[in-house]
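The feature ATP binding site is assigned by Swiss-Prot to C7, S8, G9, G10, L11, D12, S13, V14, S15, L16, A17. Per Swiss-Prot, Zn(2+) binding site is recorded for C185, C193, C196, C199.
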Amino acid sequence: MKTLVICSGGLDSVSLAHKMAAEHELTGLLSFDYGQRHKKELDFAQACAKRLGVPHQIIDIRTIGASLTGSALTDDVDVPDGHYAEETMKVTVVPNRNAIMLAIAFGVAAAQKADAVALAVHGGDHFIYPDCRPGFIEAFQTMQKHALDGYADVKLLAPYVHATKADIVADGAKYRTPFEATWSCYKGADRHCGRCGTCVERREAFHLAGIDDPTSYEDADFWRATTQKRNA
């Protein structure tokens, strides 16, 4: 199956790219510049495409991102510290982000005669991000069947939608994903901060998967205290 992967450069999507390269015919990686403060993630997506020997396209939607105000990822709002499963993390929502990206990706896939678009949403995203939930994935696939009816039949692959991030780490290890060549931190500094929701979730996932985490964090111990507090 000719598959186009939406790849941010993060652990989830890079692991997905390696999985799709092994299980399908990977036709390319598609990334989006929406004005995210952690834009350096795109360099990791580019490196992934080069490693897998496929084209990499970055689509500039910064003008759209500039209109999606109020998010800590695109606006002048601090990225909070803590675990994803906290109300404070809702400030990292970029409204309709996945819907916008997927609509573009399906158009690109149809134009390129690809059979599928793959997206790395997972179970850990459900609490905060509505456009990562199974209901959204199913509804979007249905909508695209109507949108491309008579022109193309493009499937939406979301193999991790019911999985945990620890499951993704285990799967990534299976497909030899170089985890050190992925970027998660929302703060976009030189090193992973170790304190934002995505850093905490990343560090916890390696721990739960029983796999060594090669990531260099500014605060390598914060995740333990915040996860213990959450589970208390």
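Indices start at 1 and increase along the chain as displayed.
Each Cβ is built from the backbone N, Cα and C atoms, and glycine gets one as well.
A map of Swiss-Prot features onto the structure.
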residue	record	Cβ contacts under 8 Å, 6 or more apart
C7	ATP binding site	S13, V14, L16, A17, L29, L30, S31, A45, C48, A49, H56
G9	ATP binding site	S31, K40, E41, L42, D43, F44, A45, Q46, A47, C48, T182, W183
L11	ATP binding site	K165, I168, V169, G172, T177, F179, T182, S184, R202, A205
S15	ATP binding site	A120, I168, V169, D171, G172, Y175, T177, T182
C185	Zn(2+) binding site	H38, R191, H192, C193, C196, T198, C199
C7, S8, G9, G10, L11, D12, S13, V14, S15, L16, A17 excluded, remaining Cβ within 8 Å of their centroid (ATP): F44, A45, C48, A120, T182
Count of other CB atoms lying within 10 Å of the CB belonging to C196 (Zn(2+) binding site): 26
Residue among binding-site residues A17, C193, C199 with least C-beta crowding, 10 angstrom cut-off: C193
Protein Cβ atoms within 10 Å of S13 (ATP binding site), excluding its own: 26
